[in-house]
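Student: What TrEMBL records for this protein is below:
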{"type": "ACT_SITE", "residues": "Asp74", "note": "active site"}
{"type": "ACT_SITE", "residues": "Asp76", "note": "active site"}
{"type": "ACT_SITE", "residues": "Asp153", "note": "active site"}
{"type": "COMPBIAS", "residues": "419-430", "note": "compositional bias 'Basic and acidic residues'"}
{"type": "COMPBIAS", "residues": "431-441", "note": "compositional bias 'Basic residues'"}
{"type": "DOMAIN", "residues": "56-183", "note": "domain 'Poly A polymerase head'"}
{"type": "DOMAIN", "residues": "211-274", "note": "domain 'tRNA nucleotidyltransferase/poly(A) polymerase RNA and SrmB- binding'"}
{"type": "DOMAIN", "residues": "325-438", "note": "domain 'Polymerase A arginine-rich C-terminal'"}
{"type": "REGION", "residues": "419-458", "note": "region 'Disordered'"}
Amino acid sequence: MIRKFINKMLGREARPQRKDAKPVIYTKDKHNIRKESISRCARRTCEDLQRAGHAAFVVGGAVRDLLVGRLPKDFDVATSATPEEVRSVFRRSRIIGRRFQIVHVLCGQEVVETSTFRAVLTREAGDENTDEHGRMLSDNVFGTQAEDAARRDFTMNALFYDPVKEEVWDYHHGMKDVQAKRLVMIGDPALRYREDPVRMLRAARLAAKLGFTIDAKTEAPIHTHRHLIKNVPQARLFEEILKLLLSGNAAECALLLRKLELHHGLLPLLDAALDDPDTGPFAMAALRATDERLAADKPVSPAFLLAALLWGRVEKSLKRHELAGEPTMPALHSAMHEALDAQRESLAIPRRFDATMKELWLLQPRFLQRGGQRPFRLIEHPRFRAAYDFFELRARSGNAPLDIAQWWERFQDVNVDQRERMLVSEEAGPKKKRRRRRGGKGRGQGEGAPDTQPEGDG
């Protein structure tokens, strides 16, 4: 009785186990997925597991993406086979993970993640596998396909595609939600957010990526449960934020995070970037530029984007140090360390990004120097192109002088002679000519004065 009361107060009521739930099965003529759209390795994995007597389906995001006309980046398989049974079917495979065991099936260069159907935990198991906030700590209990569908987060991610029979199996009305472009949580949203607060971020990311609306019942608990994100381990939280930033829809996602108030205090990296009136436009420009590069299938640098999101902090600290009388470069060094240290108190950025971020920041003042040999040295710097893109984005969003960014754009496109003529004389100043002296005995020893004035001294 007491246990039941505590579970109710903490919201740990178990989701009903649907071991025998029957799916709606959509045959080939009722959906738009064609088996040729499935990777060869994923098809072979399902075929071989089915030949061995197991159920096997392509599942999750790949099915969802194909239904909305997107090309999946990878394909996951869910099966009734245990990891050991999967391993016995495929010679080129390996079991990985402890908290959540899966099998990597290898076909040439392709890897298909293959997982066993998971069970919905009972209330007693839930007590043993959740922390005091309700966050799930382990999830390695095997179950039926219906249970596996029930434990997934959103209805659109609980769709199973059989590439052999070309059928879609739907346990939670996911097909209707996909057609309505609606993101719906399976089960009680408040409980599901307590189990895994990252689901709130995932809801925002997927809604922005797919252009879906978040169902009202799915969205409502986010406003009262967003504080739970603070309980997520920092490494996992950073990984989810990186997915968000590199989703191809980072700008829209950032706006949705603002609407859901998920950025305030909980995600300080985005908090300051979005709310700062001076650098907020630059941060949004960087997000949109990243989205454009991803859409054009161009490489993107997480360090570049992180540097852009933290630039507001760096710049404010830099100005404070300069007002205190520090020279620009020492002030910038201090500002960089302060910004990174402050960020690590809330959400640690892995140190592998530090070097690139610091180089981008340190090169910014050098774009203001357009005289002498300094522009020639800067343009030869290994990070010049990335640093210029950073400066140019700042200029386009009003955070740096636009005329200087345009000068550098021209400077890159002309030859050396033209570059010499472009140098800004008031910054560089004319080079002093060496005084030429006429020869004479005793000259060059520094003794006495010349008999005549050198040429040009008139």
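Just so you know, the numbers here start at 1 and follow the chain as drawn.
Including glycine, each Cβ sits where the backbone N, Cα and C put it.
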Student: If one measures from the C-alpha of Asp74 (active site) to the C-alpha of Asp153 (active site), what distance in angstrom results, rounded to a whole number?
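Tutor: Spelling it out, the Cα of Asp74 (active site) and the Cα of Asp153 (active site) are 19 Å apart.
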Student: Please report how many Å separate the Cα atom of Asp153 (active site) from that of Asp76 (active site), as a whole number.
Tutor: 16
Student: Which ones in the same chain are close to Asp76 (active site), with CB under 8 Å and 6+ residues apart in sequence?
Tutor: Ala42, Val58, Val59, Gly60, Gly61, Ala62, Val112, Glu113, Thr114, Ser115
Student: Where does Asp76 (active site) sit by DSSP, helix, strand or coil?
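Tutor: The three-state answer is strand.
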Student: Based on Cβ atoms within 10 Å, give me the single least packed residue among the active-site residues Asp74, Asp153.
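Tutor: Result for the active-site residues Asp74, Asp153: minimum number of other Cβ atoms within 10 Å at Asp74.
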Student: Per DSSP, Asp153 (active site) is which: helix, strand or coil?
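Tutor: For Asp153 (active site) - judged by DSSP and reduced to three states - the answer is coil.
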